[in-house]
Amino acid sequence: MENIENVEIIRVIIYIFFAFILMGSAVLVFVYFSRKKIIEQKIKNREKEIAHQKTLINAIIETQEKERNRIAQDLHDDISSGLNVVAINCYMLKTPNLDYNEQLKITNTILELTNKVLQSSRRIAHDLLPPVIDKFGLHEGIKELVENINNIGQLQIKYNNHLNFDDLAHEKHLHVFRILQELINNSLKHSEANTITIDFNQDSDGIKLHYSDNGKGFDVTNSVHKKGLGMKNIESRISLLQAKLTVDSKLNQGTHFLIHF
Amino acid sequence: MEKQIEIILVDDEALFRSGIKFILEREPNLKVVFEASNGNELLNYLKRAKRLPDIILMDLKMPMLNGVETTKILNTLYPQLKVIALSSYDTRSFIINMINEGVSSYIIKNSTPQEMIETINKVHQKGFYYNKLTLKIINDEKKNKSNTAVKSVLDPDFLTNREYQILEHICLEFNTQEIAEKLSISPRTIEVHRNNLMEKTKSKNVAGLVVFALQNDLISIETLLKMS
């Protein structure tokens, strides 16, 4: 009897033992597969991120090339051609037997042209980088930008600033300026708005830039709007600023951008 | 008085045109008969013109119809017109591109008036005028060219001795009269030979002959450079 009981106990123990092993391996297999899934998910996310970075880099390069192209055009059209005519007129001055009136006429042309070329070179330099930012900081730069746009008259911009940009790292100033330029450009081109407000304020969370226009807005869920070069540029600047962008817009209800950094 | 050389200026910059006109017309033998601000204006003028001009000074970068396209059209409509490219571009690809379109000369816009006047006179007299830079660029270009044409050149029957002699004299900037005197044959014969040369080398003008001779080693660049 005892023997049989012992055998029974041993058998039960063996069953339990196997049951444990089975359960254990089931757990292991489960952990293995779920981890694999998590890692796969992570890889997928990374790949997405990399693809996104690539589109941003492409956007940066594309913009750079466009800019270069424009600058080359400007230099050729405004500077080279201008100087060519100045040179021709100087040769004209050198021709013998000119009367006083001819001399006066040629000299005036040279002066006029020199002024035009000077203006163009100033404009080209200004387009590249408004000197005011470098000399007087972001606040003055934005003020100038706003003033220039307001003078055109297509729309009016209200600019409020409650903080001191000196606290903001200097290399960030240009990014903020370019983002604003791009946003204003978008509003001018697409929104049909007549008012834009730009508002900077700071709380315990950090700096907040509110930008809104009262234009026709757009459908934020429609990815067409994200694909524009301008928007990609804004995105890449935002990632350089390590900021966060929230876009809020509905058709016919204006657009609001919040940049938090 | 000798007949004036009639010139058309094609450039989109009005002030540049009037400057060039002023300078050219100080020369008693030069006359600007028309100014166009792009290729279309030129073509419209030529369509109506009773007489073709002798020389066209052609800018490259123009709105509507640029200098390269205009020159292509001129090649088919008025192959006898002599075109001088006048551009602010001075790089190899621009120059060789225009040379391949058969322009008689290529000068850059900041050339001195003397250079411009000399170029116009030479092109009018000899049919072409290439400065050192342009000659070098034409010469260098042969290295990049496929040698389909070269095969026929190596053929001993490609050019007769007489033709070769005349080609050489053309490259050295002698005009028909001068070649006739030097080789003691009639100017009429020279012209026949010259037409045969253009036929054989598929050149549309004398300028094309020079480019062909240079690119196929029928004449050396040193010989041409020594001369200019």
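Please read every residue number as a count from 1 along the shown chain.
Using the three backbone atoms N, Cα and C, a Cβ is placed for every residue, glycine included.
Sequence annotations record features per position, and here TrEMBL assigns domain 'Response regulatory' to B:6-124. Residue counts for the domain 'Response regulatory' (B:6-124) under DSSP, helix first, then strand, then coil, are 53 helix, 26 strand, 40 coil.
According to TrEMBL, the 4-aspartylphosphate annotation covers B:Asp59. Contacts of B:Asp59 (4-aspartylphosphate) defined by a Cβ separation under 8 A and a same-chain sequence distance of 6+ are given as B:Val10, B:Asp11, B:Asp12, B:Glu13, B:Gly67, B:Leu86, B:Ser87, in order along the sequence.
For B:152-217, the entry in TrEMBL reads domain 'HTH luxR-type'.
Under DSSP, the residues of the domain 'HTH luxR-type' (B:152-217) split into helix, strand and coil as follows: 47 helix, 0 strand, 19 coil.
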